[in-house]
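As annotated by TrEMBL, ATP binding site applies to 15, 16, 17, 18, 19, 20, 21, 22. Taken from TrEMBL, the feature substrate binding site covers 17, 18, 19, 20, 21, 22. Among the features that TrEMBL reports, region 'Interaction with substrate tRNA' is placed at 40-43. Among the features that TrEMBL reports, site 'Interaction with substrate tRNA' is placed at 106, 129.
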């Protein structure tokens, strides 16, 4: 029991996009002497700032931020790499006597780290991966997703059909080893999580209010220069493979190709972001022991501060 109590404490702030996670995290960091660890899979990339809703220096408010804006856009970055570096950051922050605060909407990052998922070295075959990528280009992502559903329905149920990186990786693992990704993940979960964690999730009780926040955010992004940033991704889409698949950029590709009007692409981005928010909600609602905070009907910051205070005193 003593060993369990000695585990480092971590506070996570998750939830769908456009709910004010960064602002809440900064408030908590100021109140409880914390440092922020980014848990957004696109905000890790340099130069891609507007489309990823990366917090500005002003929004960071002098609070130390880790794993933010540190990789070139062409660099791949796996969940295994993220958890290894983030766990080291937690140890460093804890050693300084400060509170680690994970903040972001990438649920896989948060749950993998807090649950201590062990990522074993996996075999890879670049030729096979390239062949699968070519098949996706020729037949569409749904064809590969159907293959994943056939060999590993449990994992397929957790993956979006158009998340080619995860779909291809699971098919590659199965082809090379005969192992299902769902089985490997189950075996990788330790009995005791490595951290004492409090997970706060922000959302709106009224779905229409959430969608309105998303629409306003997209409008602000356009005013801030999103189109130029998306054009940078378009021009480098063969190198920026991850960014080229990301919401916020790919919706403008038809415009740059002369196939669609700009207003239609903006509308497509708003719809894609709403769909993504629904998937984020689904992910976080599946997680145990989450404290939900509703930003459209209460002072979420005050309730969050009370929850963190109680968490630190137990």
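Using N, Cα and C of the backbone, Cβ positions are placed for all residues, glycine too.
Those TrEMBL annotations? Automatic predictions, nothing curated.
Computed from a predicted structure; not experimentally measured.
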Item to check | Assigned element (helix, strand, coil) containing residue 21 (ATP binding site), judged by DSSP | outcome: helix
Checklist entry - Taking just the CA atoms, what is the gap between residue 106 (site 'Interaction with substrate tRNA') and residue 15 (ATP binding site) in Å? => result 9
Item to check | Alpha-carbon spacing, residue 16 (ATP binding site) to residue 129 (site 'Interaction with substrate tRNA'), which is rounded to whole Å | outcome: 31
Item to check | Cβ-based isolation winner (fewest other Cβ atoms within 10 Å) among the binding-site residues 15, 16, 20 | outcome: 20
Next on the checklist: Neighbour count first, Cβ atoms within 10 Å, every protein chain included; then name which of 21, 129 tops the list of recorded positions.
Outcome noted: 21
Checklist entry - Which state, by DSSP, holds residue 106 (site 'Interaction with substrate tRNA'): helix, strand or coil? => result coil
Checklist entry - What number of additional C-beta atoms lies within 10 angstroms of the C-beta atom of residue 17 (ATP binding site)? => result 20
Checklist entry - If you run through the region 'Interaction with substrate tRNA' (40-43) with DSSP, how many residues end up as helix, strand and coil? => result 0 helix, 0 strand, 4 coil
Checklist entry - In which DSSP state, out of helix, strand and coil, do we find residue 15 (ATP binding site)? => result coil
Checklist entry - If you count the C-beta atoms lying within 10 Å of each candidate's C-beta, which of the recorded positions 19, 22, 106 ends up with the smallest number? => result 106
Checklist entry - Other than 17, 18, 19, 20, 21, 22, which residues of the chain come within 8 Å of the substrate site, judged by Cβ distance to the Cβ centroid of those residues? => result 15, 16, 23, 53, 105, 202, 213
Checklist entry - Measuring Cα to Cα, how many angstrom lie between residue 129 (site 'Interaction with substrate tRNA') and residue 19 (ATP binding site)? => result 36
Next on the checklist: Excluding near sequence neighbours, so keeping only residues 6 or more apart in the same chain, what lies with its CB under 8 A of residue 18 (ATP binding site)?
Outcome noted: 53, 210, 213, 214, 216, 217, 273, 277
